[in-house]
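Structure first, commentary second.
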Amino acid sequence: MRDYDEVTAFLGDWGPFQRLIFFLLSASIIPNGFNGMSVVFLAGTPEHRCRVPDAANLSSAWRNHSVPLRLRDGREVPHSCRRYRLATIANFSALGLEPGRDVDLGQLEQESCLDGWEFSQDVYLSTVVTEWNLVCEDDWKVPLTTSLFFVGVLLGSFVSGQLSDRFGRKNVLFATMAVQTGFSFLQIFSISWEMFTVLFVIVGMGQISNYVVAFILGTEILGKSVRIIFSTLGVCTFFAVGYMLLPLFAYLIRDWRMLLLALTVPGVLCVPLWWFIPESPRWLISQRRFREAEDIIQKAAKMNNIAVPAVIFDSVELQELNTLKQQKAFIMDLFRTQNIAIMTIMSLLLWMLTSVGYFALSLDAPNLHGDAYLNCFLSALIEVPAYIIAWLLLRTLPRRYIIAAVLFWGGGVLLFIQLVPAGAYNRMLPYILMGSLTVLIGIITLLFPESLGTTLPETLEQMQKVKWFRSGKKTRDSTEIEENPKVLITAF
């Protein structure tokens, strides 16, 4: 029985059909760059101080000194969460006493911001923070919102693959696009922080599901020689494009509701892609829907101006496929044997810790010294040459050594960043933690089996023969798999 790549070899690798799929699926990833990082500006915290009511009977001198000063980064700034007790300073003002001269401000009683806050509009006109006063005693709600968004990402990561196996890649791709765009639009009408956050969790589920399914669909439709380009210069670069456009939109639109509205438009523009992106023929074959798979292959051949063979799947192959028992795989099967379980755990650690480092640094970019919008743009821009370098390296060098070297490099930079002079030492602790974890996962990566120049396993039985800490040389088992492919790519 021939495998799918052999069956469709006559289509070529980079015809009009493949180029169309490559760019349309990559373009569908742009909204992911918006939603993945939008919390940076939607929940930005501007400079703020306690509000002193206009009705308060204070002289101009006491109004200017109504908020105590505190030391931050080596300089004195107004306190964000405390003010001098209003009744006390109003009494001093009525008596004609001057702050600092007649009254020692350091001895005055303080109170919380009972009348709310005044927010600076130098950077943001409004955010969810200014909308619902998520500062001081409620400042924990902002990181919780971000964390819950990534809880949605986690849930979407678990269910997206299962749903696409059950209902098809195309259907789930556009359904998750609708979830991401629709619930992002509903966030505009949020009347409370709780409503905004719950909707944000669902947006996170749609965001990662859209990304994962587009990735799967592209790698299943495109040929072997194009898959690395698609997975690096395709989906990743277009994610970076969306990420770069985010600070541009945020700079031009400083109100969080209008910004969110602008960020939903690209998702709506993806609707016409339904008529141009086909279902995965590999998935259709796994579902025994051979006629539909052949129709897509024939349309691809027509678009590429290539004559279609008289027979794409011969009767013998179809008979074998119809009698072949469909293998059902579940998540727990990844822990069924020691060999597969070890590689599963290592893969989970690799993805988890790499994602922690990436998103922690990306979400912190606006907090660095300088302009928040420019910092965010540069953080996205630097990803483009990184993806190009990754594509070039993946073509020739062993993958595990590439990953390990990059992780060692990145982890080392994070560890040594503490040597840069700064304010308080505790601000370095997150970088020390991320650096240590990044170096650790770099070491673990060296234990992975090498995939360069080898045929990837397609079933659990084939995966069982792949040993962790395997060298780059082809083993007898992998050579046997390569020379005697037994099955077509099936839904996993």
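Heads up, the Cβ atoms here are built off N, Cα and C, so glycines get one too.
As recorded in TrEMBL, the features of this protein are as follows:
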- 88-492: domain 'Major facilitator superfamily (MFS) profile' (DOMAIN)
- 20-43: transmembrane segment (TRANSMEM)
- 172-189: transmembrane segment (TRANSMEM)
- 195-217: transmembrane segment (TRANSMEM)
- 229-253: transmembrane segment (TRANSMEM)
- 259-277: transmembrane segment (TRANSMEM)
- 340-360: transmembrane segment (TRANSMEM)
- 372-394: transmembrane segment (TRANSMEM)
- 401-422: transmembrane segment (TRANSMEM)
- 428-448: transmembrane segment (TRANSMEM)
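Nonlocal intrachain contacts for the transmembrane segment (259-277), taken as residues 6+ away from its ends with a CB within less than 8 angstroms of a stretch CB, comprise 20-21, 24-25, 27-28, 30-31, 34-35, 38, 41-42, 170, 173-174, 177, 180-181, 184-185, 187-188, 217, 242, 246, 249-250, 253. For the transmembrane segment (20-43), same-chain residues at least 6 beyond its ends with a Cβ under 8 Å from one of its own Cβ atoms are 124, 127-129, 134, 142, 145-146, 149, 173, 177, 180-181, 184, 200, 203-204, 207, 210-211, 214, 217-218, 221-222, 226, 229-230, 234-235, 237-247, 249-250, 256, 259-260, 263, 266-267, 270, 273, 276-278, 303, 359, 362-363, 365-366, 372, 376, 380. Sequence-distant neighbours of the transmembrane segment (372-394) (same chain, 6+ residues past either end, Cβ-Cβ under 8 Å): 33, 37, 40-41, 44, 123, 228-229, 232-233, 236-237, 239-240, 243-244, 246-248, 250-251, 361-362, 365-366, 402. Beyond the ends of the transmembrane segment (172-189), by six or more residues, the same chain brings 28, 31-32, 35, 156, 160, 163-164, 196, 199-200, 202-203, 205-207, 209-210, 213-214, 217, 257, 260-261, 263-264, 267-268, 270, 273-274, 277 to within a C-beta distance below 8 angstroms of the stretch.
Cβ atoms under 8 Å from those of the transmembrane segment (195-217) belong to residues 25, 28-29, 31-32, 35-36, 39, 128, 141, 144-145, 148-153, 155-157, 159-161, 163-164, 169-170, 172-173, 176-181, 183-184, 186-187, 231, 235, 239, 277, 280 of the same chain, restricted to positions at least 6 beyond its ends.
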